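Engineer: Quick one: this structure, given as structure tokens, is what I'll be asking you about.
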Amino acid sequence: MGKNVVVLGTQWGDEGKGKIVDLLTEQAKYVVRYQGGHNAGHTLVIDGDKTVLHLIPSGILRDNVKCIIGNGVVLAPDALMTEINMLKERGVPVEERLLISEACPLILPFHCALDIAREKARGNNAIGTTGRGIGPAYEDKVSRRGLRVGDLFDAELFAVKLKEVMAYHNFMLTEYYKCEAVDYEETLKDALAIADYLKSMCTDVSELLDQARKAGEPILFEGAQGTLLDIDHGTYPFVTSSNTTAGGVATGSGFGPRHLDYVLGIMKAYTTRVGAGPFPTELKNEIGDYLGTKGHEFGATTGRKRRPGWLDIVAMKRAVQINSVSGFCLTKLDVLDGLEEVKICVGYQYPDGTVATTTPLAAEGYEKVTPVLETMPGWSESTFGATSVEQLPQAALNYIKRLEELLETPIDIISTGPDRNETMILVNPFS
């Protein structure tokens, strides 16, 4: 029987999920996105050629792999078409490989307008959203007024539903935020223009995945963002609007949770965060600049500079707990090359001197803590491009071993560069 594997980020996103998903899809028949939207940014480097995907699953570059956008993904038709056209220009037969759930909520222009207006109104308290309408689209979903992909296939009914929801949102835009209204006729025309094209790729995702499972075909579920951005378990309110954790697989694709075999947590060898929000181990010094520059820490979606810091074991333990992480993939180990010493956060100290080994449940709690750091010797040798453990310096091996001890979870994959082949798979999640 084939295995069903989840690949997800265990930090604040940007851990290197895209490369690992692309690598593992060699053994998968299906790759499924189950949450988020085009706020994700998954970078693939194959033989030096870089491809950045925001919405379409990272398996799209593989022959004989079906890529699925599940019902938990909020779908912007214009963003999808941009990505499809980019891939088709590169010779990728997208229509043969991509399938979409009719239950995906639609992101429409008024969602983006609302997102931007709200961030502007928050001023110094801005959350740091991508401004791509993700949050407002999820709001419409849970308030049961949202439009879904399947609604596009009845033009008359779609027009009525769109008019109702736009009347509500345009009122908010003009009267509360003092912004311009979004044009109804233009929104309707643009949405219906691609209805038939989308319909040709729609399917019952839950049924398809269940049949694939019964046939023993391996399925890979691709997470977006990271555990610490989860709407429920992240640094609320500085979070995304979906469940980025393993539990989101079942709700976001209709796949039975008992059929998941392995959860691979992607963990950078240090930590980064993009946008606002608490970050106990943040380095606002020359070491932080070194990590940011060497690690090319700029968001694949927004281009924003990421905030670097030491690896936070307290947060990682929470990620292991929430996701039932089977094993880790450690990425960007090579970025630590050249540092005299490396540090790991092993606890959070509060003003009264007590030390916690669990994370607060909201952003406010993080303001009170300072990281308790454990120092280890660094290494001067290069780990870049290493493809076997024997090529790693002893200090790097000691660092990896210490992480495994602290997390009580094995590191099964080590990534030492952006390309597919700059990876060592110690334990294959599909084996």
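Quick reminder: no glycine exception, Cβ is built from N, Cα and C everywhere.
From Swiss-Prot, here are the annotated features:
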- 13-19, 41-43, R306, 332-334, 415-417: GTP binding site (BINDING)
- D14, E15, G16, K17, N39, A40, G41, H42, T130, R144, Q225, T240, R304: IMP binding site (BINDING)
- D14, G41: Mg(2+) binding site (BINDING)
- D14: active site, proton acceptor (ACT_SITE)
- H42: active site, proton donor (ACT_SITE)
- A300, T301, T302, G303, R304, K305, R306: substrate binding site (BINDING)
Engineer: Among residues D14, E15, G16, K17, N39, A40, G41, H42, T130, R144, Q225, T240, R304 annotated as binding IMP, what is the maximum Cα-Cα distance? Answer in Å.
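Structural biologist: Between the outermost Cα atoms of D14, E15, G16, K17, N39, A40, G41, H42, T130, R144, Q225, T240, R304, the distance is 34 Å.
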Engineer: Where's the emptiest Cβ shell within 10 Å among the binding-site residues N39, T43, Q225?
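Structural biologist: With the binding-site residues N39, T43, Q225, fewest surrounding Cβ atoms within 10 Å: T43.
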Engineer: Taking the Cβ of each of the binding-site residues and counting other Cβ atoms inside 10 Å, which one has the highest number: G16, G303?
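Structural biologist: Of G16, G303, the one with the most crowded Cβ is G16.
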Engineer: Taking DSSP as the reference, which of helix, strand or coil describes L333 (GTP binding site)?
Structural biologist: helix
Engineer: Using the structure shown, find which entry in D14, K19, R306 (the binding-site residues) has the sparsest Cβ neighbourhood within 10 Å.
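Structural biologist: Among the binding-site residues D14, K19, R306, the sparsest Cβ neighbourhood within 10 Å belongs to R306.
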Engineer: Take the C-alpha atoms of T130 (IMP binding site) and K305 (substrate binding site) and report the distance between them in angstrom, rounded.
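Structural biologist: Counting only the Cα atoms, the answer is 13 Å.
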Engineer: At a 10 Å cut-off from the C-beta of K305 (substrate binding site), count the other C-beta atoms across all protein chains.
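Structural biologist: Other Cβ atoms within 10 Å of K305 (substrate binding site): 12.
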Engineer: Spatial neighbours of R306 (substrate binding site) among the binding-site residues D14, G16, K19, N39, L333, T416, defined as Cα within 10 A: which are they?
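Structural biologist: For R306 (substrate binding site), the binding-site residues whose Cα atoms are within 10 Å come to D14.
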Engineer: Would you count the other C-beta atoms found within 10 angstroms of the C-beta of H42 (active site, proton donor) for me?
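Structural biologist: So the number of other Cβ atoms within 10 Å of H42 (active site, proton donor) is 25.
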